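Positions annotated as active site by Swiss-Prot: 176, 358, 411. Summarising the annotation, Swiss-Prot assigns disulfide bond to 80-322, 243-257, 281-288. What Swiss-Prot lists as N-linked glycosylation site is 101, 342, 374, and the listing cites sequence analysis. Annotated signal peptide per Swiss-Prot: 1-21, in sequence order, evidence recorded as sequence analysis.
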């Protein structure tokens, strides 16, 4: 009996160590043959009782894992799985856009994965996103600031289990709503590095694409739409005069402004706001360029895929790519601008980039809050090039901040994978764009 108990305890220890340390994935359903890169998946327990289990995908750099930087990538939402980044933006795999026939959707290799120059952790956060879950009902509604602390704890524990990466330069990154989380996380890590008993994280900076930053961001949709010839000069001048720059939190008594804003929506509501040049199409249609967003649900909910990824049994029900409409969440960070200021003062590098055809977070909104920081301009506005072709425009500021546009791209980087990869590679290597 005593021997049986000892064996049981040993087995539980091995299993827990196996889960906590992550599992190597060599094959994935839908991909032909062994994976051409090193993938690890796993959970890190958060909290005193480790009741929150955050799921991650870790992919080693294809260049030099020992020397290349470590990047934590967070998807937006809030509540979108980080598989959005892995399969649709900057990872080494993509879903093949072919008509769903009931079998596991196919995966193909990508050419311009950011893992060619960095080790990347794709983290499902907040709790409840992707394959992350809580063992017990949450007492409090997840919040921006609460998730920042959880992600910080995740990083500390992940690095303690992967000490070989503790000396690598560390960067945080993400897009869209991660524009609220990442700057706060960088500040949290920076402060945490001064606490005596925690091993310091070798923090160097952060990268953000089309980041939501301030509640005023939507006000820039109207001047952006005018500049893109989506609304007439007459409507723009009238709405600017009537609304005084406040277009999306209008005083109900300002009926003239409200009526003009309604006219604006009539001109733009049928556009694809994530990329104004792309069709506004149904993702369930095989003809839609976003059809892979429809296929991902079949892939991630297939039992063979979950087994291959080592997803804990019965941890979640149906997997959703984004669950921000079905899960409660408190957005308690109203502006991330103060965090940008603090991080710059602390000496951290930052790359802020914008797809110039995004109506959700127009590049004008990003330029406006960067301008509000009052940083000196080190390198004036200029085109950045790939093989003698203009691929965007860039400006470098004091306090190590770089702003860049990606010409022809939308809300996320997948629209221009080559350009976004080369931009990231140059910046992460300390080269001018």
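Any Cβ shown, glycine's included, is placed from N, Cα and C.
Features recorded in Swiss-Prot, as mapped to the structure shown.
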{"residue": "80", "record": "disulfide bond", "DSSP class": "strand"}
{"residue": "101", "record": "N-linked glycosylation site", "DSSP class": "coil"}
{"residue": "176", "record": "active site", "DSSP class": "coil"}
{"residue": "243", "record": "disulfide bond", "DSSP class": "helix"}
{"residue": "257", "record": "disulfide bond", "DSSP class": "helix"}
{"residue": "281", "record": "disulfide bond", "DSSP class": "coil"}
{"residue": "288", "record": "disulfide bond", "DSSP class": "coil"}
{"residue": "342", "record": "N-linked glycosylation site", "DSSP class": "helix"}
{"residue": "358", "record": "active site", "DSSP class": "coil"}
{"residue": "374", "record": "N-linked glycosylation site", "DSSP class": "coil"}
Residue 176 (active site) and residue 288 (disulfide bond), distance between Cα atoms, whole Å: 22
Cα proximity to residue 281 (disulfide bond), best match among recorded positions 80, 176, 322, 358: 358
When distances run from the Cα of residue 358 (active site) to each of the recorded positions 176, 322, 411, the nearest one: 411
Cα separation, residue 101 (N-linked glycosylation site) to residue 342 (N-linked glycosylation site) (Å, whole number): 51
Spatial neighbours of residue 176 (active site) that are distant in sequence (at least 6 apart) but have CB under 8 A: 75, 76, 77, 209, 210, 211, 212, 360, 361, 411, 412
Least surrounded among the disulfide-bonded residues, given as 80, 257, 288, when other CB atoms within 10 Å are counted: 288
Nonlocal neighbours by CB distance (under 8 Å) for residue 243 (disulfide bond), same chain, sequence gap 6 or more: 250, 254, 257, 260, 261
DSSP three-state assignment (helix, strand or coil) for residue 322 (disulfide bond): strand
Cα-Cα distance linking residue 101 (N-linked glycosylation site) and residue 322 (disulfide bond), given in Å to the nearest integer: 23
Packing count at residue 322 (disulfide bond) (other Cβ atoms within 10 Å of its Cβ): 18
